[in-house]
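Residues or ranges marked as active site, charge relay system by TrEMBL: Lys152, Ser227. According to TrEMBL, the feature active site, acyl-ester intermediate maps to Ser251. Marked as substrate binding site by TrEMBL: Leu201, Ser227, Ile248, Gly249, Gly250, Ser251. What TrEMBL lists as domain 'Amidase' is 103-528.
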Amino acid sequence: MENVTQFLRGVEVDHRRAAALLTGAVCGVGALVVLVRKVNSRMETKEKIQRARNRRTESLQRAEQTLLRYQQSHPSTKAALILSLSLSELTKQLQDGSLNPEEVLYSYMEKTLAVHKNVNCCTTILLESFQQLETVGSNKEGLLYGVPVSIKDNVAYKNYDSSCGVSCYLDQPVQEDSVIVQVLKKQGAIPFVKTNLPQALLNYDCSNTIYGQTKNPHNPQKTSGGSSGGEGALIGGGGSLLGIGTDIGGSIRIPSSFCGICGFKSTAGRLSSRGLRPIYRGQKSVLSSAGPMARDVDSLALCMQALLCDHMFSLDPTVPPLPFNLQIYQSTKPLRIGYLENDGYAQPSPSMARGVREVKALLEQAGHTIVPYHPPKVPYAMSELVMKGVLADGATTLLQKLEGEPLDPCLRSQVVPYYLPNWLKKTLSFLLKPLSPRGAPVLSALCGVGSVANLWKQHTAVEDYIYETIEHWRRCNIDVLLCPAIGPAFNFHYCGKLTSLLSVTMLYNLLTFPAGVVPVSTVTAEDEEEMKHYKGNYQDMWDMLFKQVSNTSCVWRRGSSCGSAVCRLAVAG
């Protein structure tokens with residue numbers, strides 16, 4: 001009997017060993033499968049990125065070859081003259097036949113290729129633009145007849161990717177042009193190039209792991225800004241005289257400021273958003289807007305006038321059928337203008353503040369009334385409405401879009417806190433309250449809203465803030481607002497660290513207000529000296545970092561602010 005018992009015990013031990021071995025084998029196979037899938041996914045991502053780079057290289061080479069053939073058969077093209085013309089001058093000469101669309105397109109194509117070699121601003125050349133020359137004559141009555149127009153990479157153009165700077169959107173050519181592109185073509189314009197943007201869009205630098213870093217056309221040691229940074233660099237470098245960008249937090253205005261050009265963010269819903277790819281859809285607290293970028297304000301106005309036409313209203317019935325009000329834009333009626341130098345959240349650099357003061361003095365000399373204005377509850381709006389709205393899901397969707405690809409250096413410092421578990425974010429937020437009155441609430445906001453019920457409350461809070469601001473605006477009895485932009489241009493990789501500065505621009509996305517930027521000055525030696533004594537509103541890590549980045553200047557930097565012409569455009573458009 002003892003022998004039988006021992007035998008049964010031995011069998012039981014063998015079963016346990018077998019079960020343990022089998023479990024270990026299953027776990028090992030499972031881990032191997034996960035590893036293989038991850039390796040395959042990374043290999044597929046690298047291959048997609050390489051294919052995208054190859055497509056860009058091929059488009060650039062084909063454009064160069066086509067350009068060379070044209071130059072050989074047309075040795076007397078007036079390229080220098082064409083590039084020197086303003087948009088209004090160019091359209092006039094195209095309309096009266098002094099110039100033809102062919103010589104204009106090839107002149108700008110040559111300049112674009114040269115600018116791209118210096119600053120890396122293009123994601124692809126739209127080779128169909130050469131074919132469009134054959135049919136553009138049928139649109140000679142269009143306001144933009146024969147005008148080459150550049151478009152940001154996330155603006156849909158048939159048979160091309162809209163990458164948003166992430167690999168998951170590669171190899172997905174769109175099936176039709178965006179409404180804006182369709183309207184541009186209807187008005188006789190020729191979209192000819194798509195331009196670079198930052199990885200995942202939500203950053204005001206301009207670099208991604210697919211196409212690389214875009215540089216500032218005035219100083220290659222500086223960023224062009226973002227997210228419409230390719231547009232800013234191309235137009236600022238002279239390779240385009242009109243472009244289309246998108247803006248959810250300053251993405252038109254910041255690169256315009258950094259690159260010394262003009263930019264206009266339209267009222268949310270004023271221009272069609274069909275075919276404008278965001279990094280993710282469904283976020284309704286802070287709305288993105290499209291808008292033009294150009295060398296001067298009159299070009300912005302002409303572009304808005306061209307876009308706000310019956311063709312857009314028929315293609316997208318959700319857009320209010322309100323044409324551009326040229327009478328208001330051209331009006332010389334004196335305005336009552338609010339004046340803002342410091343919103344209490346982000347203190348501007350000396351050059352930014354000086355730019356606002358100089359414009360204020362010019363507006364007063366022109367007969368306008370300037371009154372002090374301060375937006376209500378900016379710290380609350382930035383943390384509880386802007387940050388918590390844009391990342392209401394705790395950044396889950398954004399991180400999913402970034403899964404499987406390396407983080408670009410311009411984005412890494414910004415998104416690393418997004419990966420932290422919510423309990424750690426809340427703990428750190430609590431501990432940081434005495435030390436960082438701005439950082440602590442933002443860190444807490446990164447947890448998102450937590451539930452559908454809280455999302456509804458958040459949307460209600462946004463509506464209440466908009467109404468409160470409008471009432472405050474009316475009590476101040478102002479027509480428009482003069483305020484600083486972000487600037488001067490930063491060194492690379494600082495934008496993701498200095499999110500506190502976005503109150504200067506992002507507040508107006510939250511409010512759905514139109515906003516623009518024009519260059520007014522360049523940084524002086526006095527500005528540099530004054531920056532040494534900069535303290536900021538909070539004397540926290542963000543203020544110290546802003547002082548650091550603003551004290552690491554190279555030869556060229558630019559300060560800019562919103563001027564009266566852009567304000568009139570906001571009212572008219």
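Note that Cβ sites are derived from N, Cα and C of the backbone, with glycine treated the same way.
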For Gly250 (substrate binding site), which residues of its chain lie six or more apart in sequence with Cβ-Cβ distance below 8 Å?
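Result: Tyr204, Ala485, Ile486, Leu502, Val504, Thr505, Met506, Asn509.
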Substrate site residues Leu201, Ser227, Ile248, Gly249, Gly250, Ser251: biggest Cα-Cα distance, Å?
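Taking every pair of listed residues, the largest Cα separation comes to 11 Å.
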What is the pLDDT of the domain 'Amidase' (103-528) when averaged and given as a whole number?
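Over the domain 'Amidase' (103-528), the predicted model scores a mean pLDDT of 96.
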Taking just the CA atoms, what is the gap between Lys152 (active site, charge relay system) and Gly249 (substrate binding site) in Å?
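Rounded to the nearest whole number, the Cα-Cα distance is 16 Å.
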On a count of neighbouring CB atoms within 10 A, which of the binding-site residues Leu201, Ile248 is highest?
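Max Cβ neighbours within 10 Å, all protein chains included: Leu201.
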Let me know how many other Cβ atoms fall within 10 Å of the Cβ of Lys152 (active site, charge relay system).
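Counting Cβ neighbours of Lys152 (active site, charge relay system) within 10 Å gives 29.
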Using all protein chains in view, find how many other C-beta atoms are within 10 Å of the C-beta of Ser227 (active site, charge relay system).
36
What is the interatomic distance between the Cα atoms of Leu201 (substrate binding site) and Ser251 (active site, acyl-ester intermediate), given in whole Å?
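It is 9 Å, counting Cα to Cα.
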Roughly how many Å lie between the Cα atoms of Gly249 (substrate binding site) and Ser227 (active site, charge relay system), rounded to a whole value?
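Distance between the two Cα atoms comes out at 9 Å.
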